[in-house]
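Quick look at what Swiss-Prot annotates:
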- 16-36: transmembrane segment (TRANSMEM)
- 43-63: transmembrane segment (TRANSMEM)
- 80-100: transmembrane segment (TRANSMEM)
- 110-130: transmembrane segment (TRANSMEM)
- 168-188: transmembrane segment (TRANSMEM)
- 211-231: transmembrane segment (TRANSMEM)
- 245-265: transmembrane segment (TRANSMEM)
- 279-299: transmembrane segment (TRANSMEM)
- 335-355: transmembrane segment (TRANSMEM)
- 379-399: transmembrane segment (TRANSMEM)
- 401-421: transmembrane segment (TRANSMEM)
- 467-487: transmembrane segment (TRANSMEM)
Amino acid sequence: MDFSSTIASQLNAGTILPEGIVIITLVGVLVGDLIFGRSSKSWLPYMAIIGLLASIVALYLAWDSPHPIGFLNSFNSDNLSIVFRAIIALSTAVTILMSIRYVEQTGTSLAEFIAIMLTATLGGMFLCGANELVMIFISLEMLSISSYLMTGYMKRDPRSNEAALKYLLIGASSSAIFLYGVSLLYGLSAGETALDAIATKIAAANGGESLGLAIALVFVIAGIAFKISAVPFHQWTPDVYEGSPTPVVAFLSVGSKAAGFALAIRLLVTAFASVGEEWHFVFTALAILSMVLGNVVALAQTSMKRMLAYSSIGQAGFVMIGLVAGTDAGYSSMVFYLLVYLFMNLGAFACIILFSLRTGTDKISEYAGLYQKDPLLTLALSICLLSLGGIPPLAGFFGKIYLFWAGWQAELYGLVILGLVTSVVSIYYYIRVVKMMVVKEPQEMSDAVKNYPQIRWNLPGMRPLQVGIVLTLIATSLAGILSNPLFTLANDSVTSTPILQSAIINTRISQVPTESK
């Protein structure tokens, strides 16, 4: 009796109830496809979406849990992980809405596509709360391998095959580098795998500073930077985004990136607490490079997907300002920006999917004159792009304001000024697309728009795509005006997470001698 109760308390399986719901949904999708075959495609996507929404409800009910540690200290269901897991689950639900018609039109299996995406979601959600090295690596590989499969899912498209091969080769190298850094951590901590135990052992040895720890830090940051598409580990992003199925790109740009930032916060703040100044310096450099290169190179792109690929690199640079700040406001602004980024970026990709389904192209020049043929699509895409650029009063404006203000309070003046300048640069290439869509002269319309077919909303999967566009449009428009509840949620997730509060206190203590001088 005592033994069983001890095991139950150590496992604390309730901490992964949201992931358990996703697992049940995944099994249900596979079994439903096996039993009912192609006839199941009319209801399997909605079953998956309901399962993901149920998972989000379970996450809501787990808020402020008195016992967040589970699975023998390998998983932490604190409020920070709850928010990141909700972002990933919600991004998957919206992506499935967007992908039904896209996958149907390519003639591939919708059930298998959803199953792979749910597996990636599962890996991302576990990664957000992983509190132990083995758990981190298994979750990371579950997310990565599923992403490789989704990237090459359209087997008949040579561009998809090329994107999958590039992603696999570069991703495998990145995983190997990350694993080597993790193995160094394991050795430096005398065989510990729990992050808090690693931090304690490393801090006790040589004051937490050694060449081995520096090498481990470099290798781990390289692996994380690949996942969040930070320069100079971004080379895969434009080619993979351009060649992959558009719904997959939408998921990678939001869900995978959110998981990467969750990993960065938990791993760096806990295991590398003794070298906080060093990793803050490295991420300052990564933020500068990402903001500059991402937004400048995006100016020269002719493909919408490549433009948004470089845009996502720049957006990662903005988010890193909050990470470098290392304060309550910094971490809160990171979470808030990722919340609003979910809606505006997925909304932009939903519009690109609809346009490509009608015209078969994603060239920016082919959007010329779209307003005359499809005003709703033009409005939705314009609002999402302007929000990404940070135009008030849309959600992206408040997201950037919170990030820049957090950076300014942390005395990161140069980083904030650079962020403002590159944000202005980004507005140019977003507005260029908007201006092209609203040209008034009929002779200025592109050939694709001139031959724009009538939208048949009665086709399978078209209504869900329309719902996805409308939902993201409303969320992007209202999230800016009603930003206070979202920011309160983000702030609560940070202030109630013990590991972040300890890190913030340590950061303040380390700054005292410098200030006194």
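Quick reminder: no glycine exception, Cβ is built from N, Cα and C everywhere.
Since the structure is predicted, the reported quantities are computational estimates derived from the model, not experimental observations.
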Using Cβ atoms and a strict cutoff of less than 8 Å, what residues sit near the transmembrane segment (401-421) while being 6 or more residues removed from its termini?
284, 287-288, 291-292, 317-319, 321-322, 324-327, 329-330, 332-334, 336-337, 487
I'm a bit unsure how to read this: which one of 16-36, 80-100, 110-130, 245-265 has the highest number of Cβ pairs shorter than 8 Å with the transmembrane segment (467-487)?
80-100
Determine whether the transmembrane segment (80-100) and the transmembrane segment (168-188) share at least three Cβ pairs under 8 Å, counting only pairs 6 or more apart in sequence.
no
Where, among 110-130, 168-188, 245-265, 379-399, do we find the most CB pairs under 8 A to the transmembrane segment (335-355)?
379-399
Under a criterion of three or more Cβ pairs within a distance under 8 Å and sequence separation of at least 6, are the transmembrane segment (245-265) and the transmembrane segment (110-130) in contact?
yes
